[in-house]
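Trainee: I'd like to ask you about the structure that follows.
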């Protein structure tokens, strides 16, 4: 009888393991191969060798890159050096990046580990750059003022909160106010790994302001990129491991109401909103297994989607760029400016293409 119970227990454990393993592989799109889609006149951005996980383009063409991310379970080509914020002017004939000096003595630069970024332009044209950072595996939002003439960032404030344990991306709605995605419920790396493997869908979106902090959406399987429509009425949320983008209606009190969901055959990462058309440009991972289990002989590919008329009954989804990893590995973000497409990656290079 004891042997029978033991065998039954082993069988149940193996069955659960098999089911979870199959689900895990499906969520990571483990068996997908990339069908290449090329763009003309693409050049690698000089000076970016350790990733450009997120980027933000200002209306004047100045572009911020967050680079050097160290993230649990993800490859890093420069693990011993702190991250940086880089700047590039897309109006130049041959744009090149330069590191932005960070002014003030309130930020520990040795542990600076930038992830998602977002800008907010005040009524007096002051540019604020909000940066997700992971010092010592924690999560903070660092608030900077961009000093254009000096080509520097003035550190103003560090934001932490118990409802922000594992921030991935942010969408600024004020100098110190934003929506943030938590890609995990837990902050502890061990618990995070089980949360992800079991597909618990406990990640969420938080609205933060100096006066009020609240969870405004939850139930996500790795909430990732977030963006806001040009008219400010809608919030777009990428659910990485469910291969979905959610559209929420934003209300005057900053709460969100679900409106619609789009599904894809790729892992959707950061979302950029076209400043002219309102289209969504999305950096994607066609095969997530190759991101989380890196093999230089079989590297992760890259994919960029353009989503037009997302609020309509029949949105148009176009694969604008796709590549198997020989040029660009692990695309996380894409954004446009005057006929140019910038593509960033989690740990690799960045690419600039003509559209």
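The backbone N, Cα and C atoms fix where each Cβ goes, glycine too.
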Trainee: Of the residues 105, 224, 324, only one is listed by Swiss-Prot in the Ca(2+) 1 site with 53, 168, 269, 270. Which is it?
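Mentor: When Swiss-Prot describes the Ca(2+) 1 site, the candidate it includes is 224.
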Trainee: Which residue of 85, 102, 117, 121 does Swiss-Prot report at the same Ca(2+) 2 site as 54, 169?
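Mentor: Looking through 85, 102, 117, 121, the residue Swiss-Prot assigns to the Ca(2+) 2 site is 117.
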Trainee: Checking the contact step here: among the recorded positions 42, 115, 224, 270, 324, 353, which have a Cα within 10 Å of the Cα of residue 169 (Ca(2+) 2 binding site)?
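Mentor: Within 10 Å Cα-Cα: 115, 224, 270.
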Trainee: By CA-CA distance, flag whichever of 42, 115, 168, 253, 353 among the recorded positions is nearest to residue 54 (Ca(2+) 2 binding site).
Mentor: 115
Trainee: By CA distance, which of the recorded positions (115, 117, 168, 324) lies nearest to residue 42 (disulfide bond)?
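Mentor: So, of the listed recorded positions, the one sitting closest to residue 42 (disulfide bond) is 324.
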Trainee: Excluding near sequence neighbours, so keeping only residues 6 or more apart in the same chain, what lies with its CB under 8 A of residue 353 (disulfide bond)?
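Mentor: Residue 353 (disulfide bond) has long-range Cβ partners 39, 40, 41, 42, 43, 321, 340, 341, 343.
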